[in-house]
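Here TrEMBL flags B:3-182 as domain 'Electron transfer flavoprotein alpha/beta-subunit N-terminal'. Marked as FAD binding site by TrEMBL: B:Arg205, B:Gly261, B:Ile262, B:Ser263, B:Gly264, B:Ala265, B:Ile266, B:Gln267, B:His268, B:Asn282.
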Amino acid sequence: MKILVCISHVPDTTSKINFTDGDTKFDTNGVQFVINPNDEFGLTRAMWFKEKQSAHVTVVNVGGPETEPTLRKALAIGADAAIRVNTPATDGFSVAKQLAQVVTDGNYDLVIAGRESIDYNGGMVPGMIAGLTNANFVNNCINLEIEGTSVTAVREIDGGKETVSTTLPLVIGGQKGIVEESDLRIPNMRGIMMARQKPLTVTEPVAANAETNSVKFEKPAPKGAVKLVSPDNLDELINLLHNEAKVI
Amino acid sequence: MSVLVYTESEQGKLKKTAFEVASYAKAVAEQLGTTVTAITINADDTSPLSNYGVDKVLTVTSSELSTFNAKGFAEVLHQAAEKEESKVVVLSSSANSKYLAPLLAVYLNAGYASNVIAAPSSTSPFTVKRSAFTNKAFEEISINTDVKIIGVSNNAFGLIENSGAASEETFSPSITDLGIKVESVDKASDKVSIADAEIVVSGGRGLKGPENWGMIEELAEVLGAATACSKPVSDLGWRPHAEHVGQTGKPVASNLYIAIGISGAIQHLAGINASKVKVVINTDPEAPFFKAADYGVVGDAFQVVPELIEKLKSFKAQQ
């Protein structure tokens with residue numbers, strides 16, 4: 001089984017979010033970049049398929065050279081090879097078109113991507129890859145088992161979960177649950193050394209127009225001060241929620 | 001040319017988000033000087049849609065689509081959009097709509113904006129505001145394609161009544177290969193989901209252990225709320241992952257979010273920031289959540305919550 005894991009290069013979850021150039025660009029100054037958490041859960045599941053079912057795992061990112069340390073980290077975790085498509089990740093649709101080309105060229109059986117990146121939260125790349133390559137697609141996947149080409153997956157739905165059966169080729173929108181938080185791997189020294197020897201191929205992009213353009217960013221208005229209510233006067237809290245906030 | 005809106009139903013009944021996306025579609029249609037066509041799949045009574053600005057309802061009845069299938073549903077919307085020659089398709093932010101949207105975008109070669117929080121600020125270029133960076137920022141984006149897909153954030157636009165008369169038309173799209181078969185669904189029918197809840201009651205590590213969740217559930221029951229939890233609580237296995245809200249968990253956009261024993265890590269606050277009113281109950285007045293909340297109680301949850309439950313019960317009894 002050939003697995004492709006799509007890796008988004010995103011600001012660490014604790015990052016302060018700021019913008020530059022007249023609020024048109026994300027300010028990367030002082031920001032630590034990591035593997036998108038939803039992708040890391042999927043990558044860890046791919047490692048399980050590698051170890052238990054001899055799968056070959058390639059990681060891919062669409063972006064400039066600055067994203068290579070993130071791909072090297074994925075190699076240090078245990079992926080066999082990496083591909084970087086050498087173009088800035090501008091919008092979800094054009095990124096999906098680049099990735100679909102990589103999927104077609106490499107003839108992958110299973111593509112795992114995070115259900116969304118934690119920066120732009122577009123939530124569209126996995127589904128678009130599936131649509132473009134005519135593969136089956138399971139989003140919000142929290143459990144994945146594969147035997148031959150038969151797949152059983154569990155997907156989170158609003159208020160519960162659903163078990164589905166399907167076949168390869170398949171695209172997964174992964175998230176926490178596909179593996180547990182405690183299953184995530186921190187690269188060890190051996191892994192980091194080995195990652196330096198693994199192939200990281202840079203490919204040039206296919207032509208793809210940006211279907212959407214980011215125009216401007218803004219931050220939420222600063223919050224007013226909290227109204228404190230004494231624990232001895234909870235009637236006042238109920239009164240405020242009922243008469244002032246009008247939410248109960 | 002009419003704006004097409006997918007109005008979701010569950011077990012034949014239209015969901016509340018259906019009326020919100022219909023309200024949104026009406027606002028877009030007014031800007032474009034056109035009408036609104038809603039599409040329903042296996043919904044019993046579509047008449048309430050006429051109260052929210054819908055001019056025409058396409059009804060699809062299909063036993064093949066009795067359970068949700070992203071490919072099948074996207075194909076129905078694709079054919080409906082072509083039939084109506086729609087340039088704008090409006091969807092909700094439910095798990096199912098977010099599942100089908102990217103497939104539909106490929107079928108229609110349409111630019112897709114998800115998590116949209118307001119009506120377009122301009123229709124040429126077509127520009128909308130969406131949340132990004134897990135609610136730590138808003139992004140204005142323009143959609144350049146001929147056909148545009150808008151995913152409206154839950155509870156962001158609200159319901160706008162717009163009474164009229166909607167005509168109804170049976171629509172029979174052709175459905176081929178579905179690719180995925182639903183084997184079983186595990187869903188508590190008596191509990192409100194976090195996505196659909198107007199009020200969410202959430203517990204953190206301050207509750208000390210899973211055995212103390214009874215009062216969280218009781219408070220949720222009194223308020224008709226969904227229950228949720230912080231990341232450490234789900235990582236410790238005190239509560240199921242499905243209840244984890246925050247940056248890597250579920251997003252919350254309820255009217256009221258009550259955080260009990262949650263300090264308010266930046267990742268947690270990001271995930272719940274779209275909630276309109278936030279209440280925090282915590283012993284530590286320095287907890288970061290107090291800076292993000294509208295109302296706060298500095299106190300011991302084990303005293304405050306049971307007392308709040310009793311007071312809310314008598315408040316509800318008087319209503």
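Using the three backbone atoms N, Cα and C, a Cβ is placed for every residue, glycine included.
All TrEMBL annotations are machine predictions without curation.
Feature annotations (TrEMBL) mapped to structure.
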| residue | record | Cβ contacts under 8 Å, 6 or more apart |
| --- | --- | --- |
| B:Arg205 | FAD binding site | B:Ser230, B:Pro232, B:Val233, B:Leu236, B:Gly261, B:Ile262, B:Ser263 |
| B:Gly264 | FAD binding site | B:Val280, B:Ala287, B:Pro288, B:Phe289, B:Phe290, B:Lys291, B:Ala292 |
| B:Ile266 | FAD binding site | B:Pro288 |
| B:His268 | FAD binding site | B:Ser230, B:Lys231, B:Val245, B:Gly246, B:Gln247, B:Ile262 |
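Confidence for the domain 'Electron transfer flavoprotein alpha/beta-subunit N-terminal' (B:3-182), expressed as mean pLDDT, is 97.
Proximity to chain A (CB-CB distance below 8 Å) holds for B:Ile266 among the binding-site residues B:Arg205, B:Ile262, B:Gly264, B:Ile266, B:His268. The local packing around B:Ile262 (FAD binding site), expressed as other Cβ atoms within 10 Å of its Cβ over all shown chains, amounts to 32. In this record, FAD is bound by B:Arg205, B:Gly261, B:Ile262, B:Ser263, B:Gly264, B:Ala265, B:Ile266, B:Gln267, B:His268, B:Asn282; the longest C-alpha to C-alpha distance in that set is 18 Å.
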